[in-house]
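Report on one structure; see the data block that follows.
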């Protein structure tokens, strides 16, 4: 998921370095958190007494949680389930929509280190007010293409029945004016995602740090855990809400047409597009309302200076800690290169970062394209696929993190044991990944794509002797299902020359390309030769696939929290926040940015029928090779998990625990503390 570099510190177990803790200097604390900056809640001299009830960690946590929920709804929920609809509406292929998904991480990656470095010294709540403004603006920009692209013309060029030779194609010759400008809206979607990335950066760096600054150390994990739990709730709401809105027609009201060659669409019609844009507009104004509470918080909440004075700093006894302490690295911007170099030279840290980046690649790829995979593999509607994908991905991810956090905490695992635990979870996830081998669906019969026209014509050619004189257009996809249980590109390509309406349902007759029913005894029962829509899928593997995939996600995310804990333990105490920032950058460069793009290229590579207009311009894909798609996605997932296991094993062997004397000192210190 997005923001994967800072997951759930609520589950961080007690550090093995407690024996090397030292009391923070009150002088340092007072210098960094002056009591004068613990102002009232309000705007300048306007500080109503009612607002002071919220001038505490609980009030800030409530505002932070709401912002995290809405960020998750938009970035990890609505955008992912809208991808398939945006592809069809704006004639984009999966590679380009993968670029849209990756744009958020590009902005986050560029800004993460600098925002966390400079914002540390600034007014963090006001940074979050800026975050809310940018998230709302990005959501609004992302919805703008719907308002500027005009009404969805689903039937403007609808090719219906077989016509007199040449009659249907005479009016559709290629010229410059027929070329669509819809793909140009790609840049608007990318701009919206970049703005969302700008808004998300302070939320998951400075917003979390402000919580840690404002509460005692023993409560910090609880408060941060609540905030991150809310961020997991966001995508779940986004998937369900967005999935239900896809049941509404994209322009709200389905246009009525008098011409009998046009039929009123329903959700089973492949031309159906849902109202993907409504939730983006609503979230924009809801997020902007959160600017108000964040702008009224003081730079530090009351009592912060006292809390900081009582906190103790954990240190890790290795060579880099001595260097950081002796040179006092991190006090000014000129220390930035040295601080970064120390982390980059830590082999355990870099091994864990590469391993987590490999897992992030798979996680973001499936988060983006799982609804599309379900829709095409199992013949479901985009609305049902989006809802089902959200109901599986989000609970499984949350369950995996909770289980691993409890296990690591209860068993009190040290750093090396935590890394070994990660090897086990990744290995199980790799084995479960084989679900793609036995729960995949074969290709449904499609004339001219997966099979010929009753033995005539050739594969991958929609034209055959039975429809050669119909003058059919390939520019509009309007599938029909024949009584022979074979799908045809359109009534024209099925050779149907007439149609009738039976109970408002359109039925086609006199179809020269459609053979006899597969069950000869039922030939008299058919009142039609073809009906609009895709043929019902004969694949029954959806429950099996979703069950195995659920547990694959559970074991995949069981490695997330241990990875974060291991990273926090293997770096110097003063560089732990910076280490998470470095992980966030690598996570996006190696994982969440290329993930959707790589998955999109793989899905495009499995396409067998593209939307091609009169000018031979390629648009979205209409039909995929299901087996090829399943094998490609399994191959990418398996390869990434093998890379993860290799680097986690390397981390185990490269890790050097503190000297034994330090361990004895830790036991003595724990005994004194308990007394």
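Placed from the backbone N, Cα and C atoms, the Cβ positions cover glycine too.
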TrEMBL record, transmembrane segment, of the ranges 127-147, 148-168, 253-273 the matching one is 127-147
Per TrEMBL, the transmembrane segment among 3-28, 29-54, 185-210 spans residues 185-210
Check your understanding: So, do the transmembrane segment (541-568) and the transmembrane segment (348-370) meet, by the test of 3 or more Cβ pairs under 8 Å (sequence gap 6 or more)?
Key -> yes
Inquiry  = At a Cβ cut-off of 8 Å, and with pairs 6 or more apart in sequence only, do we get at least 3 pairs between the transmembrane segment (95-115) and the transmembrane segment (348-370), yes or no?
reply    = yes
Summed over the domain 'Kazal-like' (460-515), the DSSP helix, strand and coil counts are 0 helix, 19 strand, 37 coil
**Asked** How about the transmembrane segment (580-603) and the transmembrane segment (390-409): do they have 3 or more C-beta pairs under 8 A, pairs 6 or more apart in sequence?
**Response** no
Ranking 185-210, 275-297, 348-370, 390-409 by Cβ pairs under 8 Å to the transmembrane segment (632-655) puts first 348-370
